[in-house]
Each structure stands twice: as C-alpha cells, then as structure tokens.
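Heads up, the thing below is written out as structure tokens.
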There are 2 protein chains.
Amino acid sequence: MAETLKIFKIGGAILDEPAQLSRFVAALAQVPGPRLLVHGGGRGASQMLMQLGLEPQLVQGRRITDAATLDIVTMFYAGKTNKQLVAGLQAAGANALGLSGADGNAIRALRRPVGAIDYGFVGDLPADAVNTGLLELLLRADVLPVLCAITHDGHGQLLNTNADTIASAVAVALAARRAVELHFCFEKDGVLADVNDNNSVIERLTAAEYAQLKAAGAVAAGMVPKLDNAFAALEAGVERVVIENALRINEPVKTVLCRS
Amino acid sequence: MAETLKIFKIGGAILDEPAQLSRFVAALAQVPGPRLLVHGGGRGASQMLMQLGLEPQLVQGRRITDAATLDIVTMFYAGKTNKQLVAGLQAAGANALGLSGADGNAIRALRRPVGAIDYGFVGDLPADAVNTGLLELLLRADVLPVLCAITHDGHGQLLNTNADTIASAVAVALAARRAVELHFCFEKDGVLADVNDNNSVIERLTAAEYAQLKAAGAVAAGMVPKLDNAFAALEAGVERVVIENALRINEPVKTVLCRS
C-alpha cells in the first residue's frame, strides 16, 4: 500500500510575501512522506496586467480571462511563481517538479461554456481531468509535483482554472489509488469560531456542524466556497481535509474536517 | 538497448512566428521514437522588457540578465513559450512535458563568475549538470521532455542559460546511456556552401572539412559557435549532429556532421 499523500494548496497573500513564502517552502520540505503542492497566483499577475495597460476584470471574485490576460497569467503562474517555488523547494532538499495541466497532460479541462458571463479562457474540470498515472509515476520517483492553476483542453488551448478546484480534483482522483490528505493553507490558523479571534480555531468540524454554522450565517463569506469544496472532497473519498496556516503546517493548530 | 533519442533544438525566429511554430510542432509530433525538445526564447521577452521600460542589454549577442530581466525571461521561456509548445504538442498527439532546469533538478548550473563582463544571472553548465535519471524516467514513460533555457543553481537561484549549450549538454549526458542524435533546427536548410544560396546545402561535413572552411573564413560568423558546439558534442559521444530547417525536419535535406 502506497504511503499517505499530503496535498497542500497555497494561494493569495502568501505568494506576494517572499519572506513568508520562504518559510512555507522550508516547512513543506520538512513534511515527511509523499507531498504535492498546488498554487494559485498572487497579486503579481494583476499588477503586471495594469503595468501593461490591461485592466484585470473580476466578476464575483473570478478573473475574466481574455487572450492577453491568459498570456500574462500563464507567464506568472506557470513561469515565475511555479519556477521560484520549485527552485526554492529544490534548495530546501525536496525534489520538486513544476507542472501546468498541459505538462504530461496532467490536468485536462473543458473551456467553461458561455452563459450569462463569458469567463473567457477559463477551464472547468470534468470527472476524468486528472492524469493519475503521471502523478503516481512522479510520486513513486520521490518527486514533489508542484501544480499551477493553468490547465489545457487537449486541443492546444491553455486555460485558467481555480487552484482550489485543481487541488480537490487531484486529491479525489488520487484517493482511488492511496490515502490522501488535502491541506488548504491560508493566513489564518484554521476555521475560526470568531472571525476576529485567531485563537478561536475549531479543531474538528463535521459536515453536519458545518451545515449548521453555514445556516446560522456564522461562516465568513470567503470561506464558504472553500469549505463546500473541502467537504465535497471528503465525501468523494479523500481521507482528511485540513484547513491551516501556511506558516504553521508542521504545528498542531489547525482545523480537521470530518465526514461525521 | 534503448532506442535512439532525437534531441531537437529550436530558437530565435521560429518562436516569433505562430504559424511556423505550429508547423514545427506538427512535424515534431510525427517523428517516430523517443524525442526531446530544447527551446530558446524569441523576441517576445525583449519586447516585454521594453514595454515595461527595461532596456534589454546584449554584449556579444548574449543577454545581460539582471534580476528584473531574469523574472521576465523566466516568465516568457518557462511560462508562455514552454507551455504553448507543450499544449501544441499534446494536441498533436505527443505527450510533451515542460521542464526548466529547476524542475526535478533537471539541469543544475553554476552562475557565471564576474570577469571583464558581469553577465548577471547567467548559468554555465558543469560536466554533471544534467539529471539523466529524471530524463530517462520520462523518456521511458513515453514522455517528450521540453526543456527551456532556464536553469537553477541548486540554492534557490534561477539562471538564464544558452539553449544551444543546454541541448549539447543533454545530448552528451544521455549519450552515455543510449544512442543520441542532436538536431539544431533553424531557418535555413543546413550549412550552406554559399550563404546566399539556400540550395547549396552541404550534405555531410567532417570535423576536418569544417576546420578548413573555418580557416578559410567560409563559414557565416553566426554559425561558428553553433558548429564548434556541435562538433564538440560529436567528439563527446553524440552519435550524430544534424543542422536542418525547423520546417523540414521530416525531409531529407539537411547537413549531417561527422567525426571523420
């Protein structure tokens, strides 16, 4: 039986803070056993779009990805951010290898159909999106795959895909082959009972408890899609989902989500 | 005995011409047997540097790579160019996987010492630069590795390395394990006896013949480092070096370099 795989997802704030990112990289390299990292993009891509006179467009927190924007986010996510993470992990002793979804056909997406909103070059993930054979080949060679939030459609088109979605899809797909833990890392210590008190971490949260909290409006709005996504991954076979601080992954403080 | 590996190197003009690049990608996907691609960068990186107000600096045809320039070339080479090539190859039926030298520690370089010129973040390749184990793992899994001209120093620093140099180093390193052909692809049909006549391709060129041509000043200046490099690879164990048109790789017209 293969060892438990720990999948970490980082994004947002930490990617814009080189000192914090270094701390995370050093901590990740210390985690024993097989690991996989999924990262989103920081504010850098938006800043470069503005520098180049391309106004970033967000609808409901999601970027509208036209062709020029796709070029820039591909350069940022698959180029700069991915390669800096990989070089940093290599220096810290972890044999990292960066992948977009196009690489080795790691993640094959479907361009989102145009509905009320045309999201542009945005990819959603079908059930068979993840190339588990490639990821297992790398994991068995002691490689730490580092996936960025760029996918492809198999017909030559790169697509922008939400990094949380990628992390969940990879976790669920690999859970058919081995035990998988999915770690969503962010700037707080876990799911907070009181959003203003970082010491109010809920250590353990069941699906039923989460449903109650959500119904009572006691979950921060930004956390709802993340937690919905996380519980769906648990239901789909992921062993454990953990919500934790990217700077404290090797410490005990965190929220562990449970099916029941 | 493993099958002969064909390593193709492209760069310069073709990377700036999407229609030509598509033709090359389709042709490469048709090449039978194990293949590996090394690519340089086109003019896109220089254009973006200028758009961002960063003047590209070249000394003797080599880019001086300061930190801001390194960021941009990493984004262009490892991000945009690499991922577009990989997505195109995937669409054409080849299982391409893009790598910088940092990925899986594929190519570990040494930052060039500061002499009369400080080249900045430029990496030269020591004799043991290439991680042949990783490349063999991928080749045996029917993956087509696509290497860009970004390396790392193993201590977290990305470096810019000449793509011809990478192609030769990879060819020489893998030649210890299997037969390797190294194909330098450019916009002419091969080494020309008359630089103004694309029909004057020299079909076969030995090291001794090349030395004579060079001494007579009959080799185009831009070709000298390329051919010096190519004959050095032959001497170091590469089975065959081919100089050919990137758009005609599956046609017979080309120059084959021979030890003797």
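Glycine is no exception: its Cβ is also placed from the backbone N, Cα and C atoms.
Feature annotations, reproduced from TrEMBL:
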BINDING   A:G41, A:G42, A:R63, A:N160  substrate binding site
DOMAIN    A:6-245  domain 'Aspartate/glutamate/uridylate kinase'
SITE      A:K9  site 'Transition state stabilizer'
SITE      A:K226  site 'Transition state stabilizer'
Chain-internal residues near A:K226 (site 'Transition state stabilizer'), provided their CB is under 8 angstroms and they sit 6+ positions away: A:D164, A:F184, A:I243
Residues near A:G42 (substrate binding site) in space but at least six apart in sequence (CB under 8 A): A:G11, A:G12, A:A13, A:I14, A:L15, A:D16, A:T81
Structural state of A:N160 (substrate binding site), classified by DSSP into three states: strand
Alpha-carbon spacing, A:N160 (substrate binding site) to A:K9 (site 'Transition state stabilizer'), which is rounded to whole Å: 16
Cα separation, A:G41 (substrate binding site) to A:K9 (site 'Transition state stabilizer') (Å, whole number): 11
Cβ packing number for A:K9 (site 'Transition state stabilizer'), 10 Å threshold: 26
Those residues of the chain, 6+ apart, with a Cβ under 8 Å from that of A:G41 (substrate binding site): A:G11, A:L15, A:V73, A:F76, A:Y77, A:T81, A:C148, A:A149, A:A163
Per DSSP, three-state class assigned to A:G41 (substrate binding site): coil
